[in-house]
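These come from TrEMBL:
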SIGNAL    1-17  signal peptide
DOMAIN    66-101  domain 'EF-hand'
DOMAIN    102-137  domain 'EF-hand'
DOMAIN    186-221  domain 'EF-hand'
DOMAIN    263-298  domain 'EF-hand'
Amino acid sequence: MDLSLICWLLLVARGDGKPTERRTRVHQEEPLSALRHDDKQNFDYDHDAFLGQDEAKAFDRLSPDESKRRLSIIVDRIDSNKDDFVSEDELRLWIEAIQSRHMFEDVEHQWSEFDLNQDGLISWDEYRNVTYGSYLDGPLTETEYNYTHMMARDERRFKVANRDGNLNADRQEFMAFLHPENHEYMKQVVVQETMEDIDKNGDGFIDLKEYIGDMFTAENGLEEPEWVASERQQFSEFRDKNQDGKMDREETLDWILPADYDHAVAEAKHLLYESDSNKDGRLTKEEILNKFDLFVGSQVTNYGEALLRHDEF
């Protein structure tokens, strides 16, 4: 099952969660980690952001000495101007590169599944047949109606991702299809899909009832959690910028894809602040290695030596 289909099913499944759970539509582009950022509990979010999720798992199985050795090699790569210091900007560029690699790997992982004729492109027909082929045969059932709706949405997104209009996606276009939040020209598609999900009365706007209803499902006799009142206030004071009682497309864009927050910048500032022992605004290799558990983590074991699998280390 492809990523787009999985994401849609997850959105549908959210309606069956606990009624007091707080649900969110905010994308803030591709997340640095699916984990919660809470250094009081652990540094797992920082590990994912700094290394990428797969590599972070590998480091978690290494001994402290091996983690430090590998981290030392990484620091040399981050120091792009070779001045023996790591700046905030170099940290940011590294984190952005890690996240870009994650998206490229996602594309490569799915590429052979969809490029059936191996011509180096994925056509809409190829994508549709692989993803929805079994649902296109035979009579339409009530369950399969959902898939018909999903297919129409995917086709629309696929067409927007293909900027040349030929419905044959190269790797960059397929990446835009899979990860629209990270591509400026795809953001209006994300907005449209979001509004279609939330705008229950079909008036082209998201009112307060629809906004709250997407995040919270009330049950008879169940007390409303405190955060719901906070979200109502957020809607009135910040979401509904023109104070007309509803969100239009631009207001929805500001909500789900806020332009005033950059995860990579925030994480670079965080790592620098936590590691810069002499507070000179830059990091030495020694300062980073002294806080190696913040950057990469490890277990105090020896069996991680078996994971020396990358030539670059």
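Keep in mind that glycine also has a Cβ here, set from the backbone N, Cα and C atoms.
Residue counts for the domain 'EF-hand' (66-101) under DSSP, split into helix (H, G, I), strand (E, B) and coil, are 27 helix, 1 strand, 8 coil. In terms of DSSP helix, strand and coil, the domain 'EF-hand' (263-298) has 23 helix, 1 strand, 12 coil. DSSP assignment over the domain 'EF-hand' (102-137) gives 26 helix, 2 strand, 8 coil. Counted with DSSP, the domain 'EF-hand' (186-221) comes out as 21 helix, 2 strand, 13 coil.
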